[in-house]
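Visitor: Structure in structure tokens, see below.
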Amino acid sequence: KNNVNIKEIGPGMAGADSDDSLYPIAVLIDELRNEDVQLRLNSIKKLSTIALALGVERTRTELLPFLTDTIYDEDEVLLALAEQLGNFTMLVGGPEYVHCLLPPLESLATVEETVVRDKAVESLRKISHEHSPVDLEVHFEPLVKRLASGDWFTSRTSACGLFSVCYPRVSSTVKAEIRQHFRTLCSDDTPMVRRAAASKLGEFAKVLELEYVKSDIISLFTALASDEQDSVRLLAVEAGVSIATLLPQEDLEALVMPTLRQAAEDKSWRVRYMVADKFSDLQKAVGPEITKNDLVPAFQNLLKDCEAEVRAAAANKVKEFCENLPEDSRETIIMTHILPCVKELVSDTNQHVKSALASVIMGLSTILGKDNTIEHLLPLFLAQLKDECPEVRLNIISNLDCVNEVIGIRQLSQSLLPAIVELAEDAKWRVRLAIIEYMPLLAGQLGVEFFDEKLNSLCMAWLVDHVYAIREAATCNLMKLVEKFGAEWAQNTIVPKVLGMANDPNYLHRMTTLFCINALSEVCGQEITTKHMLPVVFKMSNDQVANVRFNVAKSLQKIGPVLDSNCLQTEVKPVLEKLASDQDMDVKYFAQEAISGSSTGLFMEKQCALFPLSKKCFRDTWLPKCFVQLFTKQTILLFILTPNLPAEPSCSVYHHLLNLSLGSHI
């Protein structure tokens, strides 16, 4: 009864009286042909389930040909299909039959949409490792040749990503053919193909024998680095870094460096940007001698480039470049060649350049040592702390730990405070949020006395900010500060101010008090929570605003684990019971949740174990429809899988499938 071909299952067959074993397959086919893109997409994502139901033979002979014939769909459907097929090896019978997946993936590798092609190539690369050497030459390598010789540029771009995965495992004759195909693509008439070849040149060079790297790859690299399209030339830069790691030191100067020097002075700023972005990798690849003779002058020029984007990329590499300099001449090179350029960038007209420099300049202090830092770097730090751009000041503050290790933070404290205050009061809430996140770090470095005197008021002011994200971050900040300074400090300094907000006329600020209590109870311990915080929470249960009252219920549930059982039974439970009879529905609901769902388990009611849904969900009108849809879909999934499972009812597979369908965890 299972001999009906998958192509014979027509539209609408899922609703007809047909063989029960074909019903799930008919549902899939109906969805694959449905006009609704989302239904087709959902069906594609279930392919592995359908393949499991069909078995390996029918998957090879029916499902894969069907998919190959129907590869004319929306891009998001094809993308999902390309991803699914990369995980199909075991579903077609294992590595012995993995070549059956090549036809549909080959078709997907030729479509117009780039993301679909890339995903198809990714899946092809994945399954290439599962081919035996013989199958690789018989099935995979011919596919690569077909793509490389395709009439449309899309197939040729896809081929570029496949050479490196098949080259190491084929015969010498086939290797020569692959090298020739790659050479052809590097000189293709279409810029998109040359771009794809340039992006894979370094990867391909890594799997070639050294003699062919010198004879073939270097000439291709030189040609691509001189291409008329700057989009090709910039990709050749990255390939040049990879090639440099493969060549002996004596060959670098003659074979690679002339081309890279040319790229560093390219007329296109995008090429120079790529050189700057890859400069640290290039520095590691070429070694100390070439770095001193060639890269130091090139790096100086990039730091002084006429384009801000190039200067920013180079500035971002200052710390890495200095770290990788030869130790015997590091300090001299930095002080003589790099630091003068850095001083100019501190006052650059472009804020992105200054921001990039500020994110790394503090790291130079650990390289240059205490004396040079105080004499040369400290004035630069102070200037950046007063910069008009908040991102620059923020980047300096976020890296203060580097300076603290070398000279201590006290020398910066007088300039640091105004910068922190300005950032804390910045009009952009994201800037204020960022400085809050660095406050625990600053507090640890400045010490408790300086913090209490200068920064404590700022932290409290954030609790009443008009942006909720700031109030929330300020609450977390208090918890981290207590972890750093201790519960006793919190009791004397923070807790009284937080509890004072419970009388604030703004209900949002009163709610912030509850949020702070939730966070502080974890770090302050039982005594402070019970003695100081709990009475305030009880008092707020009588608040006129319902939002405050139901947050009281949530807070009592949150801090319950910190309290002892006697307090829970004699003090907390009566308050929750009172809130459970509140006139407001939300207050009643959260109070009941706190009573029945308390993590303490001391007054927990029995919950429904089979379906992990809250009691409120059972009262909602959407539940019956939602549950029926969920249960129906999962039951269909269950019946799709069961024909290929053992027949014993007690089988653990059945047990887990039943749990999956019902949503339980028993």
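Cβ atoms here come from the backbone N, Cα and C positions, even for glycine.
In TrEMBL, annotation is done automatically, which means it is predicted and not curated.
Not my notes, these are from TrEMBL:
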{"type": "REPEAT", "residues": "24-62", "note": "repeat 'HEAT'"}
{"type": "DOMAIN", "residues": "101-282", "note": "domain 'Phosphatase 2A Regulatory Subunit A helical'"}
{"type": "REPEAT", "residues": "178-216", "note": "repeat 'HEAT'"}
{"type": "REPEAT", "residues": "217-255", "note": "repeat 'HEAT'"}
{"type": "REPEAT", "residues": "256-294", "note": "repeat 'HEAT'"}
{"type": "REPEAT", "residues": "295-332", "note": "repeat 'HEAT'"}
{"type": "REPEAT", "residues": "338-376", "note": "repeat 'HEAT'"}
{"type": "REPEAT", "residues": "377-415", "note": "repeat 'HEAT'"}
{"type": "REPEAT", "residues": "416-454", "note": "repeat 'HEAT'"}
{"type": "REPEAT", "residues": "494-532", "note": "repeat 'HEAT'"}
{"type": "REPEAT", "residues": "533-571", "note": "repeat 'HEAT'"}
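Neighbours and distances for these, please.
Guide: Tertiary proximity for the repeat 'HEAT' (178-216) is limited to same-chain residues at least six positions away from its ends with a CB under 8 Å from its CB atoms, namely 141, 144-145, 148-149, 153, 156-161, 163-164, 166-168, 170, 223-224, 227, 229, 231-232, 235-236, 238-243, 246-247, 251, 255.
Same-chain neighbours of the repeat 'HEAT' (217-255): 182-183, 186-187, 191, 194-195, 197-199, 201-206, 208, 210, 262-263, 266, 268, 270-271, 273-275, 278, 281-282, 285-287, 289-290, counting only residues six or more beyond its ends whose CB sits under 8 Å from a CB of the stretch.
Helix first, then strand, then coil: DSSP counts for the repeat 'HEAT' (256-294) stand at 32 helix, 0 strand, 7 coil.
Tertiary proximity for the repeat 'HEAT' (295-332) is limited to same-chain residues at least six positions away from its ends with a CB under 8 Å from its CB atoms, namely 261, 264-265, 269, 272-273, 275-277, 279-280, 282-284, 286, 288, 338, 341-342, 344-345, 348-350, 352-353, 355-357, 359-361, 363-364, 367-368, 372.
Mean model confidence of the repeat 'HEAT' (338-376) amounts to 91 (pLDDT, 0 to 100 scale).
Distant neighbours of the repeat 'HEAT' (416-454): 385-386, 390-391, 393-394, 396-398, 400-401, 404, 409, 461-462, 465, 467, 469-470, 473-474, 477, 480-481, 484-485, 489, 493; these residues of the same chain sit at least 6 beyond its ends, with a Cβ under 8 Å from one of its Cβ atoms.
Using DSSP to sort the residues of the repeat 'HEAT' (494-532) gives these counts of helix, strand and coil: 35 helix, 0 strand, 4 coil.
Broken down by DSSP into helix, strand and coil, the repeat 'HEAT' (533-571) contains 32 helix, 0 strand, 7 coil.
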Visitor: Could you tell me how many residues in the repeat 'HEAT' (178-216) are helical, how many are strand and how many are coil under DSSP?
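Guide: The repeat 'HEAT' (178-216) comes out at 33 helix, 0 strand, 6 coil.
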Visitor: Cβ under 8 Å to the repeat 'HEAT' (338-376), counting only same-chain residues 6 or more beyond its ends: which ones?
Guide: 296, 299-300, 303-304, 308-309, 311-313, 315-323, 330-331, 383-384, 387, 389, 391-393, 395-396, 398-400, 402-403, 405-407, 411
Visitor: Just to be sure I understand, if DSSP states are collapsed into helix, strand and coil, how many residues of the repeat 'HEAT' (416-454) fall in each?
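Guide: Secondary-structure composition of the repeat 'HEAT' (416-454): 34 helix, 0 strand, 5 coil.
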Visitor: Mind checking how the repeat 'HEAT' (338-376) divides into helix, strand and coil residues in DSSP?
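Guide: Split by secondary structure, the repeat 'HEAT' (338-376) comes out as 33 helix, 0 strand, 6 coil.
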